[in-house]
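One structure is given here, and the rest of the page talks about it.
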């Protein structure tokens, strides 16, 4: 894994954004060659704070993506299991996920794969843990009874199939989960730990998120920042893509 | 891909690089338009999987809802209170010319006139949508003749009437028809005015108090019977007095029925009201302020003599008086000038100034679900303005109907 430690939330976000941009440009997407970006699912539709609104306001409306290339799990589908199975098929049809970007819950979950989720699970309906319900209460005026108790989610196995995984972790409240994810063993109670067995994982975090890690771990990875920063500088653009492609080898391997 | 064929064939236009007035704030958002209405891009994206056919770069302009003028007596040589042979072409001319002032909808106003004028003129005005031909007509504003002699202002005394004889029937006979009437200004202290106000309100006509010597309780009673507007606040009414605020007191009255709001028109041309008075009214009741021009035939023309119904008026700069007197009679200000002057005089935000000329008149007339805002599914009547609030382009139903000529500068 690569552990990228930035000073604060904005810097971590910016680093992650630049990295994703470089990955997309280096991939050289074009007609028929899609860069498949995976993102975890969220709240059901038909709510002002729904995942659709969130994704529209924070992502889709700022870019020129075609609506047909957007696939969001539909929590209102008549047959939820069929919806999940179809989603897995769509991923296969698109050639697999190139890069999966996700966060981590305070209980160490990736997407809605709550503690106890199988580490080889696929896209399915999942009952949410109390921790997650509490965390989402802010979207429902703090009224716990209004928070949905189930969600559709990609499975741990689904994410493990992605060619690259990037996890963003910021804030002191996530520190313990980060510790469990990377310094302890692989454990289905902390599902993010599954990525210890993925060949290509990047964890991007801020200082506060490292509060529960060993000083040795933090020093080691901070020392690697000079090398890691080569992944975001220079910032590639689609125009220069032609010449850069031949030099797009990673500076070092995991 | 553009519109989903199963929903609509119509092209979708996306206005980008602009700041739109929405939810009382200028937001950096794109404006999406289809079939003359404001479109919800999120629904378009997820439900229809559609995208824009045309993208227009607005070069960082402000996009605001089109202005609505509820008191305009004419302009460019046309007088709405004069029953001429070419009346129809006159109203067409004005509706076309005011597009450049940012007005997308208006209420042609008739001052106190003999009954014959109403009978001849009213049938020639019809409620209609705006477009390249001109601003939309929402309905007529009848200012008089049921007003007070003491506060007639520029209205001719011999045409004034009362409700004594037949109250509402008298009113109907005077005007002939109320089909296209949107607003009636009357003096509430007149006997039997309450029944008239109730009848008018029942028919969906907005009743406005003006040209009156009513005291505060008479005004409040009128509001309780249905009146919702005050015609050009401060002008042609008793001045504010601390023991009887008169009509002006409605701005802070506690006898307004729950859920109702009293709106008041202000002519912010810098002449009809001292800026300090404008500020007092605005600070007392900001949500009720409606900017109006009260423009007369001379608006848009050179200084000199013009008519206003049965009177002759004289224009000198921004001042218009009854010829030979110091009695103000209408204005020659344009709506965009009023918006700018209002913003400067009160120091209010750009959003507030723009809403006083768009959202508030729409709320007054009960049409804010389709006019006066840039909310989804509203009519796409909007303006592009620069930061100094000068109109650069006017759009009605999503179509450009006027653009500032950049070449001849």
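Even glycines carry a Cβ here, placed using N, Cα and C.
Checking the candidates B:143, B:157, B:164, B:189 against TrEMBL: the one annotated together with B:211, B:232 at the Zn(2+) site is B:143.
Secondary structure at residue B:328 (substrate binding site), as computed by DSSP, is strand. Inclusion criterion for the recorded positions B:143, B:211, B:294: a C-alpha placed within 10 angstroms of the C-alpha of residue B:330 (substrate binding site); this criterion is met by B:294. Here the C-alpha separation of residue B:236 (substrate binding site) and residue B:211 (Zn(2+) binding site) works out to 5 Å.
Looking only at other Cβ atoms within 10 Å, the busiest spot among the binding-site residues B:235, B:329 turns out to be B:329. Sequence-distant contacts of residue B:143 (Zn(2+) binding site), defined by Cβ-Cβ distance under 8 angstroms and a gap of at least six in the same chain, are B:71, B:109, B:110, B:111, B:112, B:155, B:185, B:210, B:211, B:231. Within the model, the domain 'Amidohydrolase-related' (B:62-401) carries an average pLDDT of 94. You'll find the Cα of residue B:232 (Zn(2+) binding site) roughly 13 Å from the Cα of residue B:154 (substrate binding site).
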